[in-house]
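Student: Feature annotation from TrEMBL assigns domain 'Carbohydrate kinase FGGY N-terminal' to 3-246. Annotated site 'Important for activity' per TrEMBL: Asp8, in sequence order. Feature annotation from TrEMBL assigns substrate binding site to Met81, His82. Summarising the annotation, TrEMBL assigns active site, proton acceptor to Asp239. Taken from TrEMBL, the feature domain 'Carbohydrate kinase FGGY C-terminal' covers 257-441.
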Amino acid sequence: MSYVIGVDLGTSAVKTLLMDRSGVIAAEATRSYPLFHDRPSWSEQRPEDWVTATLEAMKEVASAAGIDAAAIEGISFSGQMHGLVLLNDKGEVVRPAILWNDTRTTEQCREIEKVLGDKLLSVTRNPALEGFTLPKILWVRQHEKELFDQAAIFLLPKDYVRYRLTGQLHMDYSDAAGTLMLDVAGKVWSKEVLEAFQLADSFCPPLVESHGLVGTLLPEIAAATGLSAGTKVFAGGADNACGAIGAGILSEGLTLSSIGTSGVILSYENDKEKDFGGKVHFFNHGKENAFYAMGVTLAAGYSLSWFKKTFAPNESYDEMLAGVEQVKPGSNGLLFTPYLVGERTPHADPNIRASFIGVDGTHERIHFARAVMEGITFSLNESVDMFRQAGKTVDKVVSIGGGAQNPAWLQMQADIFNATVVSLENEQGPGLGAAMLAAYGCGWFESLEACADQFVKHADSYEPNPQAVETYASLFRVYQQVYAQTKTMNDQLTAFRG
Ligand SMILES: Nc1ncnc2c1ncn2[C@@H]1O[C@H](COP(=O)(O)OP(=O)(O)O)[C@@H](O)[C@H]1O
Ligand SMILES: O=C(CO)[C@@H](O)[C@H](O)COP(=O)(O)O
């Protein structure tokens, strides 16, 4: 039997999956690493931590009982998007990576809008958001000039790990799309953007397809992990592109809902000219010459993990959520907006913060827990709503991420989205997509679709309950008012934040 490894470099941890040719998981391993918030809006990680954790997790799956490491033919990657890694001309990291959920760059976003004008949307197909990479590059140039002057090239998180594994510098289109420097439809680094910000062509790594072969493992990496030095390494993709591949979102009409740390509603798109006016993100898919549109809730699973950490620190998710399905839709009039770290879609606003509205003396912790789940799902529904308004059909949604582990949450998604929600047998979304890119790259299948037929297995299906759909439709209209009604207050509260 031959195998591939999918590496999912997430925000909280790296997860590695060893998969055989029939799409069965032979082994998995996870290693976590710290996140640093030195200031309220900052979010950074040490690239070296990613490398150490990835090597350990790869070593663990490679040494799984009964597996001949030489039979592991290929490796590919899924990575947290947008994070800035700067390297000097010796390939050394210049400063810690600035991550996707770091919002220090509002001033740089306004500068990008001013300098690029209409070109921003027509070329990069996306608005300037704090989380994207170009604003981070401009921030480092403005605030840490000495460090910036040392930087010869930039990479995204998984590209750095792959560079350390192979010695080769590359970036794939799906991840490059999240930098605001790619001509998304043309699939080249945008000369207009680079010239407008005086960035050299050599500052950007060579672009490749997600299934593209970029090299083999360096001998020292093979020795450290127990893998063969001949193991082929394929570029991989952005975590949301890989999540889509791992959920079989490879043709028009399919929608993905992902509730991880962040939350995503993603819709496959064949038409590179499709125009959402910058209201949702528009990125290259990990499938060649395909695209996807996506709305992002910054604190989706993070809202529930914050709630658990604060109010149920010694319980598991299942313990904390026991009985949540007994609480009626609407949590007895308690409404939550998940703006714990600001928001992206549909309100790109780093200052907005979360609210509980309608708290009364009858509410118990379980009502708050359900309200948090409902608020996260309402936020995702803003994107569903926008896709429908743009003429897309959203009637079947594949749900992935940690949030898909709770059946009540899957039913809630069906009721709030008013669509059939399907869960997967394998909860590994992006890691599975990464393994599929390696399997396809190795030539095991003639297309990603053929690979999906073998690797992606639907588990349960949840149909919308008409009564709950009606309740949620009314409540969603109330939810949609909270942003505008709390915005000014939150702007005023920024002065009091630590
Ligand atoms: N058993 C569970 N029930 C409900 N939600 C869960 C459960 N386990 C994890 N989650 C949610 O999933 C999130 C983690 O999802 P995951 O896909 O692992 O995140 P990431 O890859 O972004 O780090 C947690 O923050 C939590 O909100
Ligand atoms: O910023 C985005 C997408 O634009 C995030 O989706 C990140 O790519 C990482 O998310 P997690 O998988 O860690 O939740």
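Note that Cβ sites are derived from N, Cα and C of the backbone, with glycine treated the same way.
Nobody curates TrEMBL annotations by hand; they come from automatic prediction.
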Student: Can you tell me how many other Cβ atoms are located within 10 Å of the Cβ belonging to Asp8 (site 'Important for activity')?
Tutor: 31
Student: Please identify, among the recorded positions Met81, His82, Asp239, the one with the smallest Cα-Cα distance to Asp8 (site 'Important for activity').
Tutor: Asp239
Student: When DSSP is mapped onto helix/strand/coil, what comes out for Asp8 (site 'Important for activity')?
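Tutor: In the DSSP reduction, Asp8 (site 'Important for activity') maps to strand.
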Student: If you skip the near sequence neighbours and keep only those at least six away, which residues in the chain come within under 8 angstroms of His82 (substrate binding site), Cβ to Cβ?
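Tutor: Set apart from His82 (substrate binding site) by at least 6 residues yet with Cβ under 8 Å, we have Leu99, Trp100, Gly131, Phe132, Thr133, Lys136, Leu156, Gly178, Thr179.
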Student: DSSP three-state call for Asp239 (active site, proton acceptor): helix, strand or coil?
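Tutor: DSSP assigns Asp239 (active site, proton acceptor) to helix.
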Student: Cα-Cα, whole number of Å: Met81 (substrate binding site) versus Asp239 (active site, proton acceptor)?
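Tutor: Pair distance, Cα basis, whole Å: 7 Å.
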Student: Cβ neighbours within 10 Å, counted over all protein chains: which one of the recorded positions Met81, Asp239 has the most?
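Tutor: Selected residue: Asp239.
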